[in-house]
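Written out below as structure tokens is the structure these notes cover.
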Amino acid sequence: MSEDHFDEEHEGHGGGGGSRHPMAARFRGYLPVVVDVETGGFNSATDALLEIAAVTIGMDERGFVFPEHTYFFRVEPFVGANIEAAALEFTGIKLDHPLRMAVSEETAMNDIFRGVRKALKANGCKRAVLVGHNASFDLGFVNAAVARMDMKRNPFHPFSSFDTATLAGLAYGQTVLAKACQAAGIDFDGREAHSARYDTEKTAELFCGIVNRWKEMGGWEDFDD
């Protein structure tokens, strides 16, 4: 299904008639929401979702975007989930840590989706579009969790995304998150990396920096369509 066909089938989700909110005008009715997941492996169908964070994006009166609200959850592995030892070693996640305080996938996804829907309404947008560093990975795990729970109200577009690895490669010649942030003048602490919350907040800073830099260079105008 093409994106245009998907849009036609889902018109009416979000702001109605009248003048559009500047955010809706900027991204054709879509609200960027930055997401990062930490997982038990690479296979979204079989491997556990262990952490998820989301940052909604706001826009100021001058049309510059900024990270707005952060949502973060440590997640209990779903029943039968695969967890690779190498994945835990890479992320540093300790499943038996007494302060981990994980919640179910259902609780995590419902709370994040509730916050995203609130942001959609506030910005007059019809749907969220996932922003991620190597976004297809994060979107795959979000979609897999939605499918496992048979969730009917997923605010995210099922296949469109903004990938900051690609955007940073264009803007700064860097595709690794830490190096891209450094090139953009964003502090990045490697000791905090691979926490979903930290990576999401840094990805949000990077995305906003690239979008705002493009605006400052005169690369986008509010064209009516």
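Yeah, the Cβs are placed from backbone N, Cα and C, and that goes for glycine too.
Annotated in Swiss-Prot:
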type	residues	note
REGION	1-21	region 'Disordered'
DOMAIN	33-207	domain 'Exonuclease'
BINDING	D36	Mg(2+) 1 binding site
BINDING	D36, E38, H194, D199	Mg(2+) 2 binding site
SITE	F42	site 'Important for substrate binding and specificity'
SITE	F90	site 'Important for substrate binding and specificity'
SITE	F137	site 'Important for substrate binding and specificity'
SITE	F159	site 'Important for substrate binding and specificity'
ACT_SITE	H194	active site, proton donor/acceptor
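Annotation: D36, F90 are the recorded positions among D36, F42, F90, F137, F159 whose CA atoms are within 10 angstroms of the CA of H194 (Mg(2+) 2 binding site). For the pair F42 (site 'Important for substrate binding and specificity') and D36 (Mg(2+) 1 binding site), the Cα-Cα distance reads 14 Å.
The domain 'Exonuclease' (33-207) scores a mean pLDDT of 98 in the predicted structure. Under the three-state DSSP scheme, F42 (site 'Important for substrate binding and specificity') falls in the coil class. Checking the recorded positions (D36, F90, F159, D199) against F137 (site 'Important for substrate binding and specificity') with a 10 Å Cα-Cα cut-off leaves D36. The residue listed as 'Mg(2+) 1 binding site' is 7 Å away from D199 (Mg(2+) 2 binding site) when you measure Cα to Cα. Per-site Cβ counts within 10 Å over the binding-site residues D36, E38, D199 peak at D36. Cα of F159 (site 'Important for substrate binding and specificity') to Cα of E38 (Mg(2+) 2 binding site): a distance of 20 Å. Sitting within 8 Å of the Cβ centre of D36, E38, H194, D199, and not among those site residues for Mg(2+) 2, are the Cβ atoms of V37, E51, A53, T91, A193, S195, A196, R197, Y198, T200.
Neighbour counts of Cβ atoms within 10 Å were compared across the recorded sites F90, F159; the minimum falls on F90. Neighbour density at the Cβ, taken as the number of other Cβ atoms within 10 Å, is lowest among the recorded sites F42, F137 for F42. Distance between Cα atoms for E38 (Mg(2+) 2 binding site) and F90 (site 'Important for substrate binding and specificity'): 10 Å, as a whole number.
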